[in-house]
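Participant: Residues or ranges marked as region 'Large ATPase domain (RuvB-L)' by Swiss-Prot: 4-184. Per Swiss-Prot, the feature ATP binding site maps to R24, G65, K68, T69, T70, E131, D132, Y133, R174, Y184, R221; the stated evidence is sequence analysis. If you look up Swiss-Prot, you'll see T69 marked as Mg(2+) binding site. As annotated by Swiss-Prot, region 'Small ATPAse domain (RuvB-S)' applies to 185-255, with the evidence given as sequence analysis. Taken from Swiss-Prot, the feature region 'Head domain (RuvB-H)' covers 258-334. For R294, R313, R318, the entry in Swiss-Prot reads DNA binding site, with the evidence type sequence analysis.
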Amino acid sequence: MIEADRLIQPQLQGQDDVIDRAMRPKLLDEYTGQDDTRAQLKVFIQAAKNREEALDHMLIYGPPGLGKTTLAMIVANEMGVNIKSTSGPVLEKAGDLAALLTNLEAGDVLFIDEIHRLSPVVEEILYPAMEDYQLDIMIGEGPAARSIKLDLPPFTLVGATTRAGALTSPLRARFGIPLRLEFYNVKDLSTIVTRSAQVMGLAIDSEGATEIAKRSRGTPRIANRLLRRVRDYAEVKHDGAVTKKVAEHALDLLDVDGEGFDYMDRKLLLAIIDKFMGGPVGLDNLAAAIGEERETIEDVLEPFLIQQGFIQRTPRGRIATTRAYLHFGMIKPE
């Protein structure tokens, strides 16, 4: 199974959550990247405020580490309301969700991370709450049990998921605002790195920020994590300032190459190239070849490699592209 402390993994690790929180933008105007999403949100939020209504329910989906939680916080700030946060696996019983819903005030945001992992029982309770702002509660047990309806104040449910396809159709259909987050480009990531460095009181030049951004796999969470490790290197081995050369040396030492790949990415690509002659290779065979679970390959390793054009996913299996061969100084056979 893939190591939990893999430096360039997009999932939270260590002190990420605490540190990310300190670096998060609070308003849309402070938020970098995702231009289409930001433009849409500005319109939806302003319209809801003009009508003095709760914002429509929102589903934010995309790979981990791109800012889904940050956007939920920004929505609450822009609307001037409170936000209550939880996650799908935490809501084990209907009563867990009912306790949250009954404590919401008008217009508040309820943020559910990993919403695709809601249990069916909890999801059933959510339907009338989302549609009619009503909560159906069973009182008593057995033949004496009866259902009562509680009115809820209008609220906004913001669901976040890395696997939108895993949501049930009835739940997905109840979100009026679906927003997909994409991997960030180097320019936007450089801006994020520079801003984070300012928050940390770290001297960094534009080339140093760009070098970190290039190796951050299009993901702000990874960029901030790499920035912290480069800072360590700069303070111990240099004068504390981050330049391109300092960033290069630090990230090379950490085994994060110019494309943002670590040994697991290279292991996956070389398995396709060397063991399966470039592919196509099925997911199960590939998982066995590198000793990983198929879900890890699909959810953690593949998305960035596909998005960057190093792997093609075809009906017959995975294929290493010409770009993958060039990365290792090889020529793809005809």
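Yeah, the Cβs are placed from backbone N, Cα and C, and that goes for glycine too.
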Participant: Quick one: what's DSSP say for R221 (ATP binding site), helix, strand or coil?
Facilitator: helix
Participant: Looking at the binding-site residues T69, R294, R313, whose Cα is closest in space to that of D132 (ATP binding site)?
Facilitator: T69
Participant: Excluding R294, R313, R318 themselves, which residues in that chain have a Cβ inside 8 Å of the centre of the Cβ atoms defining the DNA site?
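Facilitator: The answer, listed by sequence position, is V281, G282, L283, L286, I297, E298, E302, I311, G317.
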Participant: With helix taken as DSSP H, G or I, strand as E or B and everything else coil, how many residues of the region 'Head domain (RuvB-H)' (258-334) land in each class?
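Facilitator: DSSP composition of the region 'Head domain (RuvB-H)' (258-334): 41 helix, 9 strand, 27 coil.
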Participant: Relative to the Cβ of K68 (ATP binding site), which residues of the same chain, six or more apart in sequence, are found under 8 Å away?
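Facilitator: In sequence order, the residues whose Cβ lies under 8 Å from that of K68 (ATP binding site) (at least 6 apart) are I60, Y61, G62, D113, A160, L181.
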Participant: Could you check which of the binding-site residues (R24, R174, R313) sits closest to T69 (Mg(2+) binding site), going Cα to Cα?
Facilitator: R24
Participant: R313, R318: which of these binding-site residues has the sparsest Cβ neighbourhood within 10 Å?
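Facilitator: Per-residue Cβ counts within 10 Å for the binding-site residues R313, R318 bottom out at R313.
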Participant: I need the nearest neighbour of R318 (DNA binding site) among the binding-site residues R24, T70, R174, R221, using C-alpha distances.
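Facilitator: Going through R24, T70, R174, R221 one by one, the Cα closest to that of R318 (DNA binding site) is R221.
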